[in-house]
Amino acid sequence: MAVVAQFIPLALVLGIISLAIWFTQQRQRAEEPPGTGLKPGLRGWLAFLNVALWVGSLRSLVEFAKSFADQDPTVAKQFPLLSVADAVIGGLGLVLLVYTAWLLTRQSRRFLAAFHYLAASVVLIPPLSLLLGYLFLNVWYAVPVTVGAVMTSVDAQFVGQWVAGTLIIAAWLMYVRRSRRVAITCVR
């Protein structure tokens with residue numbers, strides 16, 4: 001709980017900044033002469049999101065390859081199905097991230113749905129991978145592991161990254177769903 005408490009000030013600051021940006025945008029929109037609204041294209045925050053998705057894809061690819069290099073061979077031999085399941089989950093997440101970035105770059109109307117799936121994966125994959133590991137060890141391999149043992153294996157860095165990722169993807173999801181630029185750009 002202490003880890004989550006560390007992110008409360010960050011969430012408050014981001015919320016205040018978001019409100020200030022929103023009020024500024026509303027005032028600017030009210031002052032715009034008719035016919036001079038937004039033009040479609042990857043500009044502003046949408047361009048930043050596009051770059052972030054591609055950089056995230058490259059980073060995820062490096063982390064995915066590094067996870068294979070750092071994997072203990074005895075664990076992979078002892079629990080092969082668990083290792084394969086972990087690789088499949090990581091690979092699917094990587095494919096979804098690259099696909100979403102590609103759709104945004106192409107300005108496809110399917111980007112919005114793909115981004116929703118990406119947001120769900122960012123929030124759900126970390127806890128589900130823990131649950132999957134617990135189930136595989138207990139059911140498939142008959143290794144008695146308690147939920148408490150799984151929870152104690154979760155360190156503060158894991159929780160912090162998950163909370164930060166959830167907050168960041170929630171902010172981007174709000175932007176993507178409410179942005180006029182996204183609505184007029186992603187139409188192909």
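Yeah, the Cβs are placed from backbone N, Cα and C, and that goes for glycine too.
Features as listed in TrEMBL:
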type	residues	note
TRANSMEM	6-24	transmembrane segment
TRANSMEM	45-62	transmembrane segment
TRANSMEM	82-104	transmembrane segment
TRANSMEM	111-136	transmembrane segment
TRANSMEM	156-175	transmembrane segment
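Nonlocal intrachain contacts for the transmembrane segment (45-62), taken as residues 6+ away from its ends with a CB within less than 8 angstroms of a stretch CB, comprise 93-94, 97-98, 100-101, 104-105, 172, 175-176, 179, 181-182, 185. Here the transmembrane segment (6-24) touches the transmembrane segment (156-175). Their Cβ atoms form 3 or more pairs under 8 Å, with each pair 6 or more residues apart.
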